[in-house]
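Notes to accompany the following structure.
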């Protein structure tokens, strides 16, 4: 039985400090990807995790290169198809049939459009923050980039991708299971961060000299 924590919002909204109006499943897209990330289909989620772990092991531990690996996979696939095609008449089984379309044109265009939208939104957001309109966000982004740079210099790109996959593959499911406890801790952490920022703002940031603000003509 989960412990009871007081709800910070009395209006019946879902998610406490994260202000969610939708379920985790809907926020993740509500499709097969959401089912995999939330472990609704345990067999498929386990298979995806084992596949990603195998890829990380091949590239990071065994130090495979992408071209030899793809070449060997293609050789193995061609040998299997060759044996299957020639043995099919003898064993009275259907020959292998490869689907003509692995990924539909509509799905590919939708994926490219989504990537383009996310990239354009990120660049625009970083530009607005870099202009100094919100000093709090500017300092937060600078610190985050410094931390990311430090992490990137300590780990390889493959390990970072695998770590990101592990986080995406486990954190949503854990949050869905322990949502009340996480929201309670996040609310307390958010208040502590706000108090710390107010202290920094009053003792340091407000003492930074700034240019005169032009009054708008009425």
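Residue numbering: from 1, along the chain as shown.
Glycine residues also receive a Cβ, built from the backbone N, Cα and C atoms like all the rest.
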*asked:* If you look at how TrEMBL annotates this chain, which of 110-137, 138-165 comes out as transmembrane segment?
replied: 138-165
*Of 25-44, 45-64, 65-84, which range does TrEMBL call transmembrane segment?*
65-84
*Positions whose Cβ lies under 8 angstroms from the transmembrane segment (138-165), at least six residues beyond its ends*: 52-53, 55-56, 59-60, 126, 129-130, 132
